[in-house]
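Feature annotation from TrEMBL assigns signal peptide to F:1-22. Taken from TrEMBL, the feature domain 'Cupin type-1' applies to F:43-192. Here TrEMBL flags F:N87, F:H92, F:E97 as oxalate binding site. What TrEMBL lists as Mn(2+) binding site is F:H90, F:H92, F:E97, F:H138.
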Protein chains: 6
Amino acid sequence: MKGEHFLVAFAFCILASSFASAYDPSPLQDFCVAINDTKSAGLNIPRNTGNQVGSNVTLLNVDQIAGLNTLGISLARIDYAPNGGLNPPHVHPRATEILLVLEGTLSVGFVTSNPDNRLIEKVLNPGDVFVIPLGLIHFQLNVAKTNAVAVAALSSQNPGVITIANAVFGSNPPINLDVLTKAFQLGKNEVKNLQKQFGGNNK
Amino acid sequence: MKGEHFLVAFAFCILASSFASAYDPSPLQDFCVAINDTKSAGLNIPRNTGNQVGSNVTLLNVDQIAGLNTLGISLARIDYAPNGGLNPPHVHPRATEILLVLEGTLSVGFVTSNPDNRLIEKVLNPGDVFVIPLGLIHFQLNVAKTNAVAVAALSSQNPGVITIANAVFGSNPPINLDVLTKAFQLGKNEVKNLQKQFGGNNK
Amino acid sequence: MKGEHFLVAFAFCILASSFASAYDPSPLQDFCVAINDTKSAGLNIPRNTGNQVGSNVTLLNVDQIAGLNTLGISLARIDYAPNGGLNPPHVHPRATEILLVLEGTLSVGFVTSNPDNRLIEKVLNPGDVFVIPLGLIHFQLNVAKTNAVAVAALSSQNPGVITIANAVFGSNPPINLDVLTKAFQLGKNEVKNLQKQFGGNNK
Amino acid sequence: MKGEHFLVAFAFCILASSFASAYDPSPLQDFCVAINDTKSAGLNIPRNTGNQVGSNVTLLNVDQIAGLNTLGISLARIDYAPNGGLNPPHVHPRATEILLVLEGTLSVGFVTSNPDNRLIEKVLNPGDVFVIPLGLIHFQLNVAKTNAVAVAALSSQNPGVITIANAVFGSNPPINLDVLTKAFQLGKNEVKNLQKQFGGNNK
Amino acid sequence: MKGEHFLVAFAFCILASSFASAYDPSPLQDFCVAINDTKSAGLNIPRNTGNQVGSNVTLLNVDQIAGLNTLGISLARIDYAPNGGLNPPHVHPRATEILLVLEGTLSVGFVTSNPDNRLIEKVLNPGDVFVIPLGLIHFQLNVAKTNAVAVAALSSQNPGVITIANAVFGSNPPINLDVLTKAFQLGKNEVKNLQKQFGGNNK
Amino acid sequence: MKGEHFLVAFAFCILASSFASAYDPSPLQDFCVAINDTKSAGLNIPRNTGNQVGSNVTLLNVDQIAGLNTLGISLARIDYAPNGGLNPPHVHPRATEILLVLEGTLSVGFVTSNPDNRLIEKVLNPGDVFVIPLGLIHFQLNVAKTNAVAVAALSSQNPGVITIANAVFGSNPPINLDVLTKAFQLGKNEVKNLQKQFGGNNK
């Protein structure tokens, strides 16, 4: 039943966007919703941070936000475990980010592009905000003994996330050993160990 | 002293953007900061809602967010008084908005464009989110007996705000009586009273 | 028969646009037409202005302009009754507008965003033009004893129109009384009367 | 005196745009005006068409439209002499165009890109409109015994115009003879004659 | 079999792009590929320049570059015959171009828009580059006794090409004789001869 | 002397761009050049690859390409040493890339975003091309016994480059040890060694 409604709504959205153009610098209708949202987004509920890095990112997708389609913005909640919960170095290939700390104390940073690779870093307390420019490598580290929570807004409806260590050492299939040993100036065994830890097993 | 640094930084930013183009679909440098931010944004601090509508919007500007320039996103905190605190009907001429409720219970809504003028409305609790499409009239009303707090992300570094009642009845100079009596189907005295309340005195 | 041609053309357009991207800052083909236009647009024919506000807007849509699709521009004719014909305060959520007066004398204006809400106003005679920036509230009033006619160009193929009074007091379903009484500083009965006039009946 | 005001306004506009970004898909303030417009645009006044092609294009620029800056749209009036007044084949490198006929009868056309080079042509009477896609070669010919007048809206504040014959045969300095003889399959003397007529004298 | 894969991939791409928006200033997914590329692009292979103008343009399309979809860039190889091989005057309606000479010596030029129609010209040797702004008329001429080869990158996945002489004198159906005689200041027979040469036969 | 011309040209460019808008989906003038280019770009000259990774990237900047400003495209030459010359894993935060192999044999690859982190890889010979989507991690490895040369076109006039290993382990100041040990699951000494090799010395 739900699927049926989806199909109808979906057909309408294709109709709307098939007449659209990348040249028009605005959405081409008020909004384009597939199914009406009834589930709560639940961004107030603490997430489980009992994993290797001690953090948990909840990115809201189109099933949870009515009207998200075609509008170029999205939202995430991030939970950090006490004493070093880490949102590890990553990039968003298609979005700038604003981070707002709701609870706890975070050390946040991003690295500028070549040749400077300057680290811009700041300690944030509740109510502080920080902007991460489009496509730059950034991270957040919980530097206090309590949980931390932040909200991030991103300037795309599908910003994408690339966790550096996972993409480099855990890709599927794995990246050639010669690339990684030379790029990171590591021995073959060191790279193989890293690949094992990140799930990219080189034969 | 501070002014001097500003001038230097400002000159650099002009240099960067004078080579920029509206055609390039991305920022033209990593970021462009005028002065380094040292004041806290303080978005955690409750604002005074003791005013006529019972709400208070704190929009973060370029003095408070390092790196906000050139990146097309901004952030606001909104406080609502208990029992009817209202962020009155308004539009953002240059941005889509995502609203996230942090505390309390809000009734939020927006109205679609002509000819339907359909009201899309929803009651939000902490952790719920809502998207307001570009340029549509919207509002939030505190429908509970406690304070409410929300965070809004907007898809422009300068989204603009037009509070409908203030722009229509409180503009400076005031809009011609003939326009308002005919548009709102009100008597001349009714319009004059409204203009008096919103500070636009028609002679 | 006509429907059949439509389907074929439509399939082609989907094909073209499904490969398109919002990132490409231009249309992705010369043009994308559904059905060839044979009806005249008839923008030279005076429209009936015998209605409550004394104006009539004829916005050209895709059935009347061959090649309108994907190209980000549209056109409208506006007729104004003598002695106060009014195009009431409204916004276009997705377009800037240029207005050109063809006949008669119009008082045109727009209101800037908060906090200034400055009214920029001008009397236009035939041959005069006026620009209304993206998303701002604007109106035109016929201030002479003769008919007036204007042409408006808009920077989107689907600019959208939101007539302020209709969206605020005539939405479907109607906006909560508490929102409107507080926002416009009116009594409940005054708001109910306005809602009745604009077709939004609050129970 | 006027110059002084210009300087002040100009400084303000630089300030506004230096913080702007090509990435932000909207203007960054309500508007950005250099000098207030007091001269009438006078688009109602017939222009002199007593020239070689029998047409006259009046493009409105920033001195004549308050608020044109930063808003991506412009407007032109075109007058055509009776019996063959011609707006000769040209392209707008940065804009789509909508043409609206106000008086007379025009044959209008554009040619699609390679390999089809299909001519899309139509005879327009008062009230008819026609869309010319971005960057395509187009023209209008007065095919009646009376004057003709049209209004064109363009999707850029500086659309640019390239009259094909003038750019090809009248450039300064002139294009190499070898290029033109081979491209147009003409003899050297024929090309030299064309260049003489269009003011590009090849030595 | 291949067709079947295509259908599945195609359906996925529609799904992705139907939710896309022209307002989002970036692609909406990493990439959108229909079929995986296995044929070589073969841009290293000299092309046959034994035609009337003595040049040959190989534009890579979506069948030859995996991942080209939605990413706003394309590439071409151009071969020029010795002693006057010509890429004749043309425009790209939807792209800026960078040209890099790999072999030989080219005289390249473009003409600015009205009213200046200034010719910007330069002789390029291997390793030299030249930029042609969006929508301007440009050409390349081999001015040496050897073959020449260049690579051109264009800022759109479908830049379009309009060869001036072919579009003006070889359109289908042909452009009205009155337009071309007046625009190019040629006699009727001269225009008819040109149309015959370019395949546009006026009856 | 040269500086003086620069200043004049620069003032003109500011003038042009101060009136520009991010909303206008095209450049606002034909082009905007600071100084006329007289030096050869020299992209035909092999570069020295005698460094740690065995590759050398020559990105053309505004001093070398007349007319590059405001047009959203750029070009690079990349040289690779025989037997493993590597352009190490990096991202362009503001551009899609097309790579064309001129000489030699390269293994090229990019990794998709989370959660798949799929490696898309291909061996390219002269004349082959490959597209790297906006913001994804990618690399090229010379897998033959001869030199290799490639040309890359990028969809921004300032695409930016972030070499992953340098940004992560060689930033200035260095990234906190806790971030890197946890993100890469390495010991403190291993991270310190990496930082030493990439010039980011942690105290």
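Placement of Cβ uses the backbone N, Cα and C atoms for every residue, glycine included.
Everything TrEMBL records as a feature, shown here on the structure.
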{"residue": "F:N87", "record": "oxalate binding site", "DSSP (3 states)": "strand"}
{"residue": "F:H92", "record": "oxalate binding site", "DSSP (3 states)": "coil"}
{"residue": "F:E97", "record": "oxalate binding site", "DSSP (3 states)": "strand"}
{"residue": "F:H138", "record": "Mn(2+) binding site", "DSSP (3 states)": "strand"}
Chain A proximity: which binding-site residues among F:N87, F:E97, F:H138 have CB distances under 8 Å? Answer 'none' if there are none. none
Let me spell it out: for each of the binding-site residues (F:H90, F:H92, F:H138), count the other Cβ atoms within 10 Å of that residue's Cβ, using every protein chain shown. Which one has the most? F:H92
Within the chain of F:N87 (oxalate binding site), which residues six or more apart in sequence place their C-beta under 8 angstroms from its C-beta? F:V53, F:S55, F:V57, F:I78, F:Y80, F:F139, F:Q140, F:L141
On the 0 to 100 pLDDT scale, where does the domain 'Cupin type-1' (F:43-192) sit on average? 92
In the same chain, outside F:N87, F:H92, F:E97, whose C-beta lies within 8 angstroms of the Cβ mean position for the oxalate site? F:A76, F:H90, F:V91, F:A95, F:L99, F:I132, F:H138, F:A152, F:L154, F:P159, F:V161
Would you count the other C-beta atoms found within 10 angstroms of the C-beta of F:E97 (oxalate binding site) for me? 24
For the recorded Mn(2+) site formed by F:H90, F:H92, F:E97, F:H138, name the remaining residues of the chain with Cβ within 8 Å of the site's Cβ center, in chain order. F:V91, F:A95, F:F110, F:I132, F:L136, F:I137, F:P159, F:V161
Distance, F:H92 (oxalate binding site) to F:H138 (Mn(2+) binding site) (CA atoms, angstrom): 9
The correct DSSP tally for the domain 'Cupin type-1' (F:43-192) reads 19 helix, 58 strand, 73 coil
Whole-Å Cα distance, F:E97 (oxalate binding site) to F:H90 (Mn(2+) binding site), is 12
